[in-house]
């Protein structure tokens with residue numbers, strides 16, 4: 001331990017005082033909630049002020065000002081006291097030798113004011129003896145001698161009209177001199193020169209320069225810009241490439257399709273007219289001899305074989321659902337042959353939403369009607385729904401129809417097959433699968449996207465060139481010529 005600490009006991013007593021935040025015991029909170037919120041009442045030490053009454057404040061200030069002025073007049077010095085100035089009243093303190101304010105002194109005038117004839121300055125001074133003898137009087141008028149050029153205009157050598165030729169610069173040219181600038185060589189002889197197209201001095205032309213007659217045909221440096229979407233997606237770029245290459249072919253196919261649709265429309269009207277005239281029970285359809293070309297016939301490879309047939313009375317309903325289907329694989333076989341020869345994807349078929357809607361409506365409406373088996377359910381339909389009645393009578397006229405009418409409507413295998421797949425294919429096309437031949441990226445939310453060798457199930461043939469199916473959990477439209485049925 002340090003020596004300074006030995007023998008010393010330091011203890012500091014700390015007084016315990018009350019908390020500064022405690023309120024006084026006699027405090028009474030007489031302030032309302034509104035006054036507490038807005039500080040409308042003054043509290044000592046609160047730092048808040050009460051609302052100001054401006055009228056009361058003005059009166060109070062005016063009264064305080066009057067009181068202050070009265071005190072200043074009473075206690076301050078009085079203006080009447082003093083002896084200085086004109087109004088000083090303490091006369092006993094004034095200087096006895098001082099002149100008062102009522103004294104007016106007369107100042108003597110100057111001699112020039114008392115006698116105007118006196119003085120020697122100026123024009124009218126009369127004291128000539130005092131004027132400067134060498135000074136010129138006011139009556140003197142000095143005349144400046146004119147310059148020689150003012151007296152005789154023929155004098156001088158400057159300018160155009162100067163006559164003193166001896167004073168001029170011998171090397172200077174006169175005003176009568178006209179200088180002629182020598183023309184350039186190209187102005188004197190146009191045949192000279194080597195520049196431009198018509199220069200004749202070929203020996204001066206650059207040997208390595210290309211002549212004007214050797215100019216090649218101008219070519220464009222334009223490069224077609226590739227969109228970001230096409231650059232990022234190989235399938236989209238490939239699709240755009242073949243769409244541009246097959247532009248003419250697609251137009252030709254659209255024209256053929258329009259003609260075919262018009263011909264089919266006329267055929268339908270003729271068949272409907274014949275079906276209305278003929279009223280006879282439906283007969284079993286015999287399989288007609290297949291002609292050389294059947295563009296709209298559904299092959300047996302596409303549909304599974306039919307195991308059972310419905311009674312003849314239900315044939316109108318079968319034909320009603322089957323009617324838009326036969327035109328589906330019209331372009332499949334030629335496109336498949338084309339794809340086998342060429343690995344490039346074909347052009348997309350035209351999007352015809354009108355055709356898709358026409359095909360879909362009878363399929364979805366006719367599906368629930370196949371459930372009841374009794375025959376009377378199928379007979380009254382043609383009376384209530386004339387559109388279905390017209391289409392439903394197609395199978396009954398197979399024997400009476402001529403040529404193309406028999407080709408459009410299939411024999412017994414196709415109607416029975418269509419009816420058998422009605423409940424499933426009509427709603428979703430279940431049971432039909434296909435494998436993708438090319439890569440396709442759907443452009444819209446209702447289109448399907450797939451890669452090569454992908455399996456597409458639940459195919460519904462809703463249009464000639466566009467089918468609807470399911471792939472990778474998505475359901476949508478896709479081009480029929482991009483896939484091959486299994």
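Every residue, even glycine, has its Cβ placed from backbone N, Cα and C.
For the residues 140, 175, 364, 440, the entry in Swiss-Prot flags phosphotyrosine at a single position: 140.
Swiss-Prot gives the label phosphothreonine to one of 49, 114, 330, namely 330. Here Swiss-Prot gives region 'Involved in HAX-1 binding' for one range in the set 27-66, 67-106: that range is 27-66. Note: the CA-CA distance between residue 222 (phosphotyrosine) and residue 241 (N6-acetyllysine) rounds to 18 Å. Of the listed modified residues, namely 123, 192, 241, the sparsest Cβ surroundings within 10 Å are found at 123. Under DSSP, residues within the compositional bias 'Basic and acidic residues' (240-258) fall into helix, strand and coil as 18 helix, 0 strand, 1 coil.
Residue 275 (phosphoserine) and residue 140 (phosphotyrosine) are 147 Å apart (CA-CA, integer value). Of the candidate modified residues, 123, 192, 241, the one lying closest to residue 275 (phosphoserine) when CA atoms are compared is 241. It is 49 Å from the Cα atom of residue 241 (N6-acetyllysine) to that of residue 198 (phosphotyrosine). Shown in sequence order, the list is empty: the chain has no residue 6+ apart in sequence with a C-beta less than 8 angstroms from the C-beta of residue 198 (phosphotyrosine). For the pair residue 123 (N6-acetyllysine) and residue 192 (N6-acetyllysine), the C-alpha distance works out to 88 angstrom.
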